[in-house]
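Here you go, one structure.
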């Protein structure tokens, strides 16, 4: 997403920052809907991510005159926030393609659902397998946006095949089928480019770790500024709590009056 207000500010060689504000607002209120984004990967200039707290603090540190939004501004939380992240959208799409192809692979139906010990005549299965997993469970987690990294998806798929190898005797049809689909899966990680997302995520995390260390060093070098910011945050938090308490008291008084 390209910035539509203050433009983009290059804070590091591989980490641009863009800021989006409500263009219909004016004056001080213009900063109330501030949205900070950054460009995490130099090799992917089209990728812009919503800035985490670490990047916001970096922006406030490097551009204090621009970073003037209220600290107690509304934060919108979405249970499917992983699905809304541009980076996650890319690898989630590939992950869905891969898991669907595993289901369609010869013998894939064996691993589609969790083991039914009665139907499949294996009463001791859950005594042996402590972390069961299936393709349908993985699909459900993808649909709900429960994976926060591409490696987590890979780990769950690998868990399916690990459980298969632990419970089934080598050389049996199920064990052989599991090995075949596992080999196909490992190949799909390469040919689809999914493994590249694992490395990209590693690069992003390394960059954020570096920024966090820089923020901590800056805070140590500017203790008075940090103290002042903490004081402002506490004042704003107290004000917010007072407003909430007043609102609750008004609601309670209204209910009492209605009962009378």
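Glycine residues also receive a Cβ, built from the backbone N, Cα and C atoms like all the rest.
According to TrEMBL, the protein has these features:
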type     : residues : note
COMPBIAS : 1-28     : compositional bias 'Polar residues'
COMPBIAS : 221-230  : compositional bias 'Basic and acidic residues'
COMPBIAS : 232-260  : compositional bias 'Low complexity'
DOMAIN   : 103-175  : domain 'Bromo'
REGION   : 1-33     : region 'Disordered'
REGION   : 221-260  : region 'Disordered'
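Situate these features within the shown structure.
Break the domain 'Bromo' (103-175) down by DSSP state and the numbers are 40 helix, 0 strand, 33 coil.
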What is the average pLDDT across the domain 'Bromo' (103-175)?
97
